[in-house]
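A.B. asks: This is the feature table in Swiss-Prot:
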type: BINDING; residues: TYR105, GLY170, GLU185, LYS186, SER203; note: alpha-D-glucose 1-phosphate binding site
Amino acid sequence: MSGTSSIARSTMAYVLAGGRGSRLLELTDTRAKPAVYFGGKSRIIDFALSNAVNSGIRRIGVATQYKAHSLIRHMQRGWNFFRPERNEGFDILPASQRVSETQWYEGTADAVYQNLDIIAGYEPEYMIILAGDHIYKMDYEIMLHQHVERQADVTVGCIEVPREEATGFGVMQVDDTGRITAFLEKPSDPPGMPGQPDIALASMGIYVFKTKFLFDVLRRDAADPDSKHDFGGDIIPDLVENGTAIAHRFSDSCVRSSKTAEAYWRDVGTLDSYWQANLDLTNVVPTLDLYDSGWPIWTYNEISPPAKFVYDDVGRRGMAVDSLVAGGCIVSGASLSRSLISTGCRVHSFSQLHGTVVLPYADIARSARLRNTVVDRGVRIPEGLVVGEDPELDAKRFRRTEKGICLITQPMIDRLG
């Protein structure tokens, strides 16, 4: 955990958590993407919030919009430990037509602009704007120091990604000093990096500003009728052209599982990437280390008993290999391999799960076989259901991606009759 320096103490983190994340399909039918469960007991938003707290930042605002109830309830239960008497604060900021009776949040920049008065009440010297829907560990204090040292108007967090995956990101080009010379939001043909034509330098959706400067920029943007009021589409391209925009490499501030580990950052914006990021945690030495007490991922800890494995008969042995099983689960004569089972689930006798991510309070009946599957919260899998062995049948009954990952929700089960 980072030491609480004066720069962290004088910074406010502002988390943008209003997006749906439609590429996660039915997983976001009832909840915003930042509220989606991850890693057995956490939510996606816990990573950005934990990074802020671990970096020494004690003033946080979270802007919410799309189907925010689940997200707000989670934060009220798990993130209520800040002390106002120490100038700490945690504000949940739903879209509430604060500027206009007809205007909700119309873009990422507008989601900050509409709450300038609340931000001003904390009197932060610096602002760090964060996306609430990525999985990573990062020491924001290092990025803040770079911003101050370079005297930048804005510092943009960036990461190298395969060029073919960069169409969904802001893509930048930088000079030898790290100054951003061009910024394209979600280009159809992303430019490669010098000497690495197959790699693009993508924005992480993390921006550092001096607060007074940010206020001026947002007020000008709000008055521009041609703006879409978006950081990636409007604010950053303008500052690249007319100001000083500096790139901060994620590799410089990533909190790694070991000195030789890769810098782990995942967008988890699709069902395939979400499934893979969860199963990454089942590796013997995962690149993203949830067991690191020096940089913990804070969350709401439900009161639950330890996980329990029962029966040791031939063909009916409760066991798990290369798997994570959260508290409150009972694995009763079932076999799990390379799977992640969230809080409060039941897996009944003779069932077999491989490469399966099960969200909280699901119930897997006897003799089910699930392979390469995501099971939504509270789903009741019927006895003998087989998923992941017949692609054509899976596609008819459930949501199946081109890579063969199946999503199962309760309405899909109900339609089976």
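Using the three backbone atoms N, Cα and C, a Cβ is placed for every residue, glycine included.
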A.B. asks: Which ones in the same chain are close to LYS186 (alpha-D-glucose 1-phosphate binding site), with CB under 8 Å and 6+ residues apart in sequence?
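C.D. replies: Sequence-distant Cβ neighbours: THR167, GLY168, PHE169, GLY170, GLY232.
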A.B. asks: List the residues of the same chain that sit at least 6 positions away from SER203 (alpha-D-glucose 1-phosphate binding site) in sequence and have their Cβ under 8 Å from its Cβ, in sequence order, or write 'none'.
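C.D. replies: Those within reach of SER203 (alpha-D-glucose 1-phosphate binding site), by Cβ under 8 Å and sequence separation of 6 or more, are VAL156, GLY157, CYS158, PHE169, GLY170, VAL171, MET172, PHE183, GLY232, ILE236.
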A.B. asks: Near GLU185 (alpha-D-glucose 1-phosphate binding site), how many other Cβ atoms are within 10 Å of its Cβ?
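C.D. replies: I get 16 for this one.
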A.B. asks: Near TYR105 (alpha-D-glucose 1-phosphate binding site), which residues of its chain come within a Cβ-Cβ distance under 8 Å, counting only those 6 or more away in sequence?
C.D. replies: GLY18, ALA63, GLN65, ALA95, ALA111, GLN114
A.B. asks: For GLY170 (alpha-D-glucose 1-phosphate binding site), just count the other CB atoms lying within 10 A of its CB, please.
C.D. replies: 24
A.B. asks: May I ask you to report the DSSP-based helix, strand or coil state of SER203 (alpha-D-glucose 1-phosphate binding site)?
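C.D. replies: In the DSSP reduction, SER203 (alpha-D-glucose 1-phosphate binding site) maps to strand.
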A.B. asks: Taking only the residues the record lists as binding alpha-D-glucose 1-phosphate, namely TYR105, GLY170, GLU185, LYS186, SER203, what is the largest Cα to Cα distance between any two of them, in Å to the nearest whole number?
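C.D. replies: That value is 22 Å for the farthest Cα pair.
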